[in-house]
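The domain 'Cadherin' annotation in TrEMBL covers 91-131, 132-239, 333-377, 378-484, 485-575, 576-631. Annotated signal peptide per TrEMBL: 1-31, in sequence order.
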Amino acid sequence: MAWLNMGSCTGVHTSLLCLLSLLLPLSEVSCQGPQELGVAPRFLFTHPLYNATVYENSAARTYINSEVRMGISLVLCSWEIQTKGGNSAILNREIQDSYALTVKATTKGGLEASTKVNVQVLDMNDLPPLFSPIAYSITISESTPLGTSVAQVTATDADIGCNGEFYYYFREKVENFAIHPTSGMIYLSAKLNADKKKSYDLEVFAVDRGMKPYGNNDVSSTAKISVYVERVNEYAPTMNIDVNIPSLLDKNPVYAVVTVEDLDNGLNGDIEWVSIVAGDPLEQFVVDRSAVGNEYKIKTSEPVDWDSFPYGRNLTLQAKDRGLPPKFSDFQLDREYTSTFSLRIEARDKAKKGSQRFSVTLLTVSLEDVNDCTPTFIPNIYNTRIPEDLPMGTIITWLESQDPDLGPGGQVRYNLLNSFNGMFEVHRNSGAIRLAKELDYEDQQFYNLTVQASDNGQPISLHSNSFVEVEVVDVNENLYAPYFSDIALKASVKENSRIGTSVFKVTAKDNDKGKDGDIRYSIRGVIYTTDTLDHETKDSYWLTICAADRGVVPLYGTIEIYIQVGDVNDNAPLTSDPIYHPTVMENSPKDVSVIRIQAQDLDASVSGDRLSYRITSGNPQNFFAMNPKTGKPSQMLASLWVILYLTSRQWLGQFGFEMG
């Protein structure tokens, strides 16, 4: 509760105590009592309740704003509330957004009046978005499909309105990852390879959309994401075997040459061994690895009695890579890898005398196809950006796939598993995706289509899925930043101008259209005063004006304004001392210099030689005179001491003193 002493004097200082120990003193009150004005004693506030506003973090002695003038129904009486200077407590909307104040006024005549003031604390963009947590650590497989969401960062902002809305972006351009500006979802945008790069350190900025007069430093925060790429053993080794029938004359016969291939990189692609896992119970065969490459030769470890094996030997081989976990591959017939085999067949007799007779023929074995391969999309995931005003029927992308099977098993047809209510359609055979309905950027900016490729194989049709990420681009895409015609401007305003005085109007331009071309200013398009200016305290200001557009990711332009505070004659001259005690000898002759008064004026427009001096009181007999330009008084009469003596007795007597 605050008290106003409404006496007859003016300039009464009062103070107002509100919550959180925040002192809000009233400004000076200039009132006259009703009895002194000769009117009936009606002592009431103009309203029983006042609604006022003030911005948080306001400087000391900032006046609150009220739609109506706050005062008492007396002539020449009004009052205002301002924040108290010299107090460490400041208004903080996030802690308390309103105050209910009670103001009570009294007069010396005993009249009282009270009213209530509701003060709403307005939000300033004083808090940056805050990440929680501020550090993230994730591990993803190098085989993660493109477009997969791998992480999501979250931030909050205690400000309200556009001051509390924010967007995310990477501090530096990142090739392998992309972040959604509003959801904070991080997506994989390029293929990972643990052998080339095992980890990524990402920095995400969160910047709010409020006014930023001092740049992004005070209204942004950072989160760090450590991404570790996990090597994946994706492929199993595959073997290609060339069978050989050696001559009986070979001293170190080779029965087959095995070539092993693994599509993985690094250790996952290294072959640890190739082994005979079946068909050699007597362990008569060995696998001999070549010194270079992944080539292996099948040889015998001891002589083999081929008469005991009239139909040959059927060996089963297996290859193992060095991946974690390792993968194994068994040899099997695969038409897509090797479609034919050429076998050399030898028939030999068993002559006991003389040389044996034999003949050789070649047998070509062709493998028949079965539908064992699924269609594969090329690439794995599709990305496309299209403007929102794209005409219906326009092809936005083409699907492509391959199926190595023959016949119907290799014929591929396409289908959309989700068309977003018929917004898109795909041609069954060509894979062309067309726009079927009109787009609207304001309704939806992203579409994630699921497409399917199926073959015509029998008895079972095989299929695979892929994704088409469609981004709708605003036709008014924010391409240009706002700009000012000048680099810097100059303006002026007189000191003591009323709060709200228009100082200067700045104009920025933006070549974008729509909301991307709408401009908002950090200090307003029209610069006006928010407090009383004082030339003697500060005679000029440099302001940085920031113009921002209303794009999804706003762009900015700045200009410097130099404002000169003009001087007015608002300061009275001040003497060097408030009281002087000069002495003069009795019987001094006329025109004796007694003392020189020196004064100065803080106003810039008033110099020392423009001051004038005169004696205003205490010299009824005109014993003293003063030079109006120099301030030097002089004695006029020789009998001055008698007059001074008598004058001193008269003055001292008025104050209850006696002289001996």
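Backbone N, Cα and C define each Cβ position, glycine as well.
The DSSP breakdown of the domain 'Cadherin' (576-631), given as helix, strand and coil counts, is 3 helix, 6 strand, 47 coil. Counting residues per DSSP class in helix, strand and coil order gives 4 helix, 48 strand, 55 coil for the domain 'Cadherin' (378-484). The DSSP breakdown of the domain 'Cadherin' (91-131), given as helix, strand and coil counts, is 0 helix, 22 strand, 19 coil.
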